[in-house]
Amino acid sequence: MAQNKSALSLLCLLAFVSGHWATEAVPNRTDSVIFSPQPLARTKAVPLVQPREEVPEHDGFDFASVVSRFLPTSSKIKNDACRQDSLAVLEALKTLQPWALQMVDATAKLPAGLLHGNIKSYGQFDECLEVISKGRRQFVGQYCLANVHIQAFEEVTDRFLDEITLGRRANEITYNRTHMPVPDLLPSMALIQFASCIPSSCTPEDVQVTLTDAMQWAVKPTGMRASVQVYPESCTTLKSNPFTKGEVAMILVIVILLLLVFFSSAYDIAELNYAESESPIGKALVAFSLPRNWERLFKEDVVQPGVIGSLDGIRVFSTLWVVMTHKILYYAQEPWINKLQLVDALASLIKMPLINTLLNVDTFLLISGLLKAYHYLRDLENKRFNFISCYTRRYLRLTPAYMVVLGFYATLLVRLSSGPGWNKFVEQPTDACKTNWFYNLIYLNNYLDNGNQCMVQTWYLAMDFQLCLLAPLIVYPLWRWPNVGKFIFISVTLLSVSIPFITIYCARAVPSYVLGASDSSIQWYMQNIYFITHQRASPYIIGLALGYIFYRMNTTKVKLTKAIKA
């Protein structure tokens, strides 16, 4: 019943606003171009089958009076070039110029599905950027995405706003949402966004002034108040930027790597006895060979020593789990037309594993700890273990490929595409890489300035590397002095459990990523719990214990009781 009342109030609201647009004259806009189509000849409609009454005559619709409100044409706009170009758009609409109609067509409209959470109207990004004026004023189309904030002062409209924002208005950060920490992993269900296609001569301030007036005019009859925020990075034009020195350097690195692959593969194919070559020079020459590495990658019948094959299935299922849960996080930010279904779906008990994103990453930490302990104990027994080589081997194994990806992310990635959300999801993280790339190379990006992370997904690499440094300090005592080692292990395990418990309890924080929580609490949890190694070490330490047990089972005869076997 409540939903029916809200739907009815919405229909009344839209009908009122539509009627207001169609009938109200434009006050105090002496510098706007107002045109109306030529009045149609007032003739009676041709009767079809003995009609009872004639079709009502139409007095015309002042289309430009509405369009002009969403273009920077008022006297408030101090940017004369912007105002003149906007007036040129209205002038071109008189004769239905395609490029002018294209600008109007690319601008956002009132979307369908408001009651299902569809409050982001992105218009047509590519269509707007393709606009090129054909008149005496020369400009191109500029796409601007505005954040719209609406306040209600009556119970009915306040309830309506709660419904279209899925009840998250009080929980979400909507003001200054464009300048959130990187990465912004917070839900976005209460931020209304509206796209406008305007001349390239206009500034974000011009758009903000214009849309604030337009939105205020549109919602004023309903007793609501509107304001608009437009940031420079939210406005885009179709322009080609020259390559920077960093981008040129990255292109050279990619070319060199491709040449290495080509010549290494050619040498490998040309060398008849390449399989017999064991010399260091021969191995170096075929290190980048595509045929050889392809064969190694897809060879199924060879089991490498020390590999626990049963873990592969866990890796596959955990990877699928990670992909699904992280996609849900981005569903909550993307402009889906039916976000209400997402909220309803997450309330289902059977879908709880899809929400709890903490556990799926913990499986990888556990597997990593298991393998580290297993391999360390094997090397210790064979007298091949060395602390220094253990750390340097790990660093050199990860870092070269990591550096290439970081360089690409900080330079060329931003050129691969564009779109309304490209700045938020790609350009801002790219800027973070230009500033904080060094933190990634020393594997401290999850601690140092973790509210402005480069490649947010690499927090796991940093955490895994840090725990890798800790692992020998636990495993070696277990091997050398078992009783002392067990005491150290138990102490470290209790500490790893106590630290997050005390932190969350004292801070009264959420214990996990919860979509129903406020943005501030989720943000605090991500930066102070989720990314932090000493808060997440428990599964890795349990993995070390499992690795120790696995190794002991392989080297010592262990009797399993019937109950354990069952």
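FYI, residue positions are counted from 1 along the chain as it appears here.
Quick reminder: no glycine exception, Cβ is built from N, Cα and C everywhere.
Curation does not apply to TrEMBL; its annotations are automatic.
Checking TrEMBL for transmembrane segment across the ranges 329-351, 352-374 points to 352-374.
For the domain 'Nose resistant-to-fluoxetine protein N-terminal' (79-230), the model's average pLDDT works out to 92. Within the chain, the transmembrane segment (530-551) has long-range Cβ neighbours (under 8 A, six or more residues past its boundaries) at 308, 358, 362-363, 365-374, 376-378, 446-447, 450, 453, 459, 462-464, 466-467, 470-471, 474-475, 478, 489, 492-493, 496-497, 499-500, 503, 513. In this chain, the transmembrane segment (395-414) lies close to the transmembrane segment (248-267): three or more C-beta pairs between them fall below 8 angstroms, excluding pairs fewer than 6 positions apart.
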